[in-house]
Amino acid sequence: MPDLCRGTDMADNENANSSEYEEDTESEEPDSEDIGPIVITSRPQELELLKQLMTVNDKSFEELQLPPKVVRSTQKAWDSFVGVFERKEGAADSIYGAFFDAAPNLQGMFRAPRATMGLRILAGISQFVGSAHEPAQLRRHVEAIAFNHLDLDVTAPRVEIFREATMEVFDLELGALFGTRARFGLSAIMTYAGGAYIFARKEYAGRIRILLRSWNTAAKKGETVEQIEDLDSKSDDDEEEEEVAQEHVQADANLKSQDGTGKNPQLKVPTTFDEMFLFNAAVMGYANSTWMKFILEYFDPIVSNVANSYRLQEECDVLSLNLAKCKGDINLPEFKAVMLASLRSLVPKEWNSQHEVAWNWLWENVERLLRQQLGKPRAHQKALERFIGGLQQEHLTSYCRDQYKRFFQLAPSGQDFFKQSTTRLYFIAEKIVEMTVEMYRTPKKMVEELSGLGLRHVGYGVPTELFSPYVTSAVEVIRGMTTDDHTQTAFAWSLTLIAKIMVRTLVEGSTVVMQAINTNIEKNLKKAIAVAPRGKRAMELLNITVGTQSISPLYWAIESGSLVCAQAMIEDLLTIRADRDNYYFGADALFTRHPEVIKKLSSSAPSLLDPLLEGLIWRSRVISNGYRRVNCYCKHLMQDVDGNHHQALQWLVEYGNPVMISQFTVVLVADLMWTRLVAYHFLLGRCYFLFTLCLAVTSQSFLSIPSAMHRSETLEANIVVFICRVFLYLGSMCKILYTQIRSFVADCKSGAIDRTYYIPIPQYLFSLQSGGNFMLFWLLVGMCTTEPLWRCGAFSTTEDHIIFSTHCQSVLDDGTKRVYSMFSCLAILLYWTLLLDFSIFSMHISAYVLVFGRVLSEVALFIMALVFLVISYSTAIMALEHELLDFADFGTWLLSLTQMSLAMFPQVYYQEFEKEANLLVVVIAFVLIVSVILVNLLVAQLNQAYQHVYTDMQGYARLNRASVIVTTLEGISAKRWARFLQGMKFDERLEFNEGDVGLPGGVQIMEPAATNIVTVDSIRRFGGSSAVAMPWPEEDDSMEDRFDRLEKLIMTSVKKMGKSRKSKKKDGGSSNILSTLGGEASSDGSGSGGSD
Ligand code: HEM
């Protein structure tokens, strides 16, 4: 009897359970009428049938008919098994553990975290057992889960392993309660399901092909436009259909306008799947079903990943979160109807019954996956929000502590990644908790963010295996904090989805280059990139895209401080490589991917600026007439992708490094811009200023007559002075006011305000020109308000005065003329000072002016010390008793001591001091300190400062010119700029050597051969295949590599010699090395010792 109900695999348990089976059968005698289609007429037949059921059947997928008594026993045993555990998680864990331990080599198949995966397996088997009495229902359940196994390599032996593992757990937990019927039932169900998975995999491969091919036609290409047009023209014949068509168009318009596109749909024939879908949805009366658009958005990833159940589940999960945001009923079959109608229109030629079956099958599965979650996310979100909102800080802290503790227990290697401070770790853990709620709130945004986060984890070098224990630990700790089922499920589900998305990003983003960057070893990076196809080599260093998010390995290397690798990457990108057909140079790729790379480097890794700028230069090895060709690929430092001027120069000016601005490429760029474009513009702009200066000097210096000269005014001079001054006030003062207001407003808007000693100062005032203009403006205002012209009011010639007089008695009497003349004097000085920016025409003069400016601070120190001494000595002398009446007050002493310091004090007064010995001593002490110490100190300071500044003098001059170029460029018209670019001929290829036409994007100059000695051509040329998909052939080993190999060889030889010596001692053989090696070789049987 016992044999009867067991398959061959169960033979081992036979004896153990025979008695109990007998009890079972005694109490529940099989009734052939109850059994259904499988009619068991006799015991041998029954045995045969049961044996069949124990064999994995992957040839067909029919309904499984089990005897009712077997079903009942199985369901009872299942309930008892689940009931053994306090919570279903316990049961889930024990089954998962059994699976996991039974086949260590299959553990990779379980990609979800243990807590989640276990529950899923439990739910699946539970569903099967629960529906075992309804074969059709059971088949549907098994088919649904088979869909999730499409990308897993399920085989008959593996099914048996899992089945036996389950039996063992049941034996363990239920003992004698696990009867033979139940054992048979459960085994049969599991065998049936396993066979179905294998069958589905084979069977569905064809369907998947059909799906993908037809989707490609429908969604990507829109090749079938003509067909749609045909359909339209046919419908024209029929009036009724025409009306319908108009309705379609109207409905489409409604749908589109809801969509926010606002375009006139009558002008557009639907060519893509989305357009056709919206059109059909409108026609079929679903114009208001906004939820369809959500599905439509995810439809492409869903179909494209039909064969990847893991990803399909992920897409459906995210979609279900989005659908939860829709108001109103969601009727999924409606989507299917519109979908099929759209596909039929877009794939009319190939469409057949197989397509119908395949798309129906896909949709059924998608619908099933969606239904699992439909309606749940809102409740989950509420439960989770309530729970997290109610958490106190101490609860959160204890969660974080327990979570990491548990995680490190589950995965000790996790500690190698979480080495940060506890506060940082807690911060991350809290952030992750927040993310679980955020996933429900804004799923779309979160998916984007998670891709980015996943890519950052690629940078942290996190292995994917650690995600599962991480989620398990978090879920376990949350379970300990709440008993609410909703909250637990909501948290676990959300975190699992998050981890799933991150793991996928991690897998897609973990390129060998990223792994090499994490080591920060140049050799590793070179090895990693060596295998890249030559056509894609540059992009492998610059871009990794996952979904809508991308990460740049180069930027990652910079940000994570792997500067060795970053430098190697820049050097690799800017190495010119060539096969017979093409030149390869990564400058275009680099600047297109990172137009702001100069800014990035100057702020984050200035040491890499030099390799970058150097990499843009190629120097020929060939010398002709004492000159060599130099190609400088500077296009991307001059123009951006839109053809406007590039900000590279501005960033270098902001970086403010005189060495970097003097780099060959930068100098060339700046000089080209200056000589060909900016210098002329600059001069043109300054002409007006020059003219104003001339007017100012004429009216204020040459034609104004000082009162002391007692000359009379002339009519002509007065008219000229009047015109000049009116021009100064209107043309200069008002213009300066206008530019100052503009700059002020711009700085205020952009918040460019500095606080110096708590005084807010707009940044524009810190430039010499703007600051000088600001002061000039106020001096001109002073001149205008005290202007003698207005005060004399002589606007016509009378007997007393001539027209435009500035020397009337009233202004002389009230002293305003003097005030005016002070303003005028200072304004003229300022005008001349502002003229100094003309010095940038010559780097030499500019450098001199800059040095002058830079050493001024030393002079300021001297003046400060002098003022201090003058005041202190003046007050000290005032305290002295003396008889010199001319030197009785403080002011006289201030003036006298200042004059003495500057050697302007009249000699005669010194003789007077001789009468007062004490006074003389103090004066001598003062003169001694000032002229011997202070003045010489000043000379020494100036000397030192000059030497310090001198080395970078040219660099500062270049910085100054570059900043003028940058500001002048802003005012240059687009037309002029375009003409300048045209003149640069960046699209013309530059010759490397005669007849060897190379790469475009630069300028060629001839350089005296002695300036830079070049002995090796920097272009790496390779023979062999010139296919773009081929990697570059391996280059010659570096010296370092050769030394490494030599070192290894020596080490192994030494080891072998050591070994053989020992064995020789044992053998008592001779000391001859050769014989030793030979002996070893023969004893090893390898012979390698000898050859080494
Ligand atoms: C569901 C799984 C996970 C989520 C949602 C997650 C999320 C985060 C977040 C939000 C950060 C903050 C910093 C940033 O934005 O880059 C972070 C940092 C980090 N994570 Fe994860 N993480 C997960 C799993 C893991 C695992 C399993 C490891 C490795 C054992 C890991 C290692 C790291 C490391 C090393 C950092 C950098 C810490 C730092 O220096 O700032 N993460 N993670």
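Heads up, the Cβ atoms here are built off N, Cα and C, so glycines get one too.
TrEMBL does not curate its annotations; it predicts them automatically.
The region 'Disordered' annotation in TrEMBL covers 1-37 (among others).
The annotation compositional bias 'Acidic residues' is assigned in TrEMBL to 20-34 (among others).
The compositional bias 'Acidic residues' annotation in TrEMBL covers 226-244 (among others).
The annotation region 'Disordered' is assigned in TrEMBL to 226-266 (among others).
As annotated by TrEMBL, compositional bias 'Polar residues' applies to 255-264.
Tertiary proximity for the transmembrane segment (655-675) is limited to same-chain residues at least six positions away from its ends with a CB under 8 Å from its CB atoms, namely 602-603, 606, 609-610, 613-614, 616-617, 632, 634, 637-638, 648-649, 952, 954-956, 958-959, 961-962, 965, 969, 980, 984, 1003, 1005. The transmembrane segment feature in TrEMBL is assigned to 655-675 (among others).
If you look up TrEMBL, you'll see 687-705 (among others) marked as transmembrane segment.
The transmembrane segment annotation in TrEMBL covers 717-738 (among others).
What TrEMBL records for 759-781 (among others) is transmembrane segment.
Summarising the annotation, TrEMBL assigns transmembrane segment to 819-852 (among others).
Here TrEMBL flags 859-880 (among others) as transmembrane segment. Within the chain, the transmembrane segment (859-880) has long-range Cβ neighbours (under 8 A, six or more residues past its boundaries) at 887, 890, 893-894, 897-898, 901, 918-919, 922-923, 926, 929-930, 934, 937-938, 941-942.
The transmembrane segment feature in TrEMBL is assigned to 917-939 (among others). Away from its own ends, the transmembrane segment (917-939) comes close to residues 858-859, 862, 865-866, 869, 873, 876-877, 880-882, 884, 897, 900-901, 903, 910 of its chain (Cβ-Cβ under 8 Å, at least six residues beyond either end).
Sequence annotations record features per position, and here TrEMBL assigns region 'Disordered' to 1054-1092 (among others).
The feature compositional bias 'Basic residues' is assigned by TrEMBL to 1056-1065.
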Quick test of the contact rule: Cβ under 8 Å, at least six residues beyond the ends. What residues does that give for the transmembrane segment (819-852)? 679, 682, 686, 689-690, 692-693, 696-697, 700-701, 704, 768-769, 772-773, 775-776, 779-780, 782-783, 786-788, 811, 946, 949-950, 953-954, 956-958, 960-961, 964
Report, as numbers and ranges, which residues of the same chain sit near the transmembrane segment (759-781): CB under 8 Å and 6 or more residues beyond its ends. 728-729, 732-733, 736-737, 739-740, 743-744, 746-748, 752-753, 823, 826-827, 830-831, 833-834, 837
